[in-house]
């Protein structure tokens, strides 16, 4: 290696022996020039840009809470539609005094049905989760120092059939109680029909909007769809039961 210096220009040229051509972005190229960007720098910039542009992810507890809230909202909406439609249908086919009794029967039957169905469904999911944990424990080799399967099950966030059943029953009962209580303090069949329809529509609009907002979606259209769907269900039930009364069934 030789150095040639020029005092006038203050320029120093370093002559080095020829070496193998360095690929762009290699350490040799960076040592010679000290300014060329490397592929690693580009990767870091891309990763930083991706992290800044990607939306924040919810943690597991936050996702579980959101799922529970949405399930409760759906259960309450189901209770509103089922009980209101049952009350209108029975009132159209029978005496007006039977409307409240039909509402109470619908609340109890619907809450029991929701609880049993949710318990069976979530218990099936729990069986799948336990089977997956057992297979994972066998693959990890518990006999070779891995965590026992019981400890894995305790640490994992497993589904709870009992809690799911209770939550579904309470949500349905809460929704069913709205049109029922509204009709309880009103006398006269026509007034009860109007109160039940109005109360059910308001509750469905609120529940539909809330469920959409929990899923980070616009709530206005969702609430409108819930109201329209509920009115269609109540109208079909009322119309069919009215035919039964007309024909004396």
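Note: Cβ is positioned from N, Cα and C throughout, glycine not excepted.
Keep in mind it's a predicted model, so treat the numbers as computed, not measured.
Matching 99-120, 121-142 against TrEMBL, the residues noted as transmembrane segment span 99-120. Checking the ranges 62-81, 222-241 against TrEMBL, the transmembrane segment annotation falls on 222-241. Check TrEMBL against the ranges 18-64, 159-205 and you find region 'Disordered' recorded for 18-64. Between the transmembrane segment (99-120) and the stretches 164-187, 193-215, 222-241, it is 164-187 that has the most C-beta pairs under 8 angstroms.
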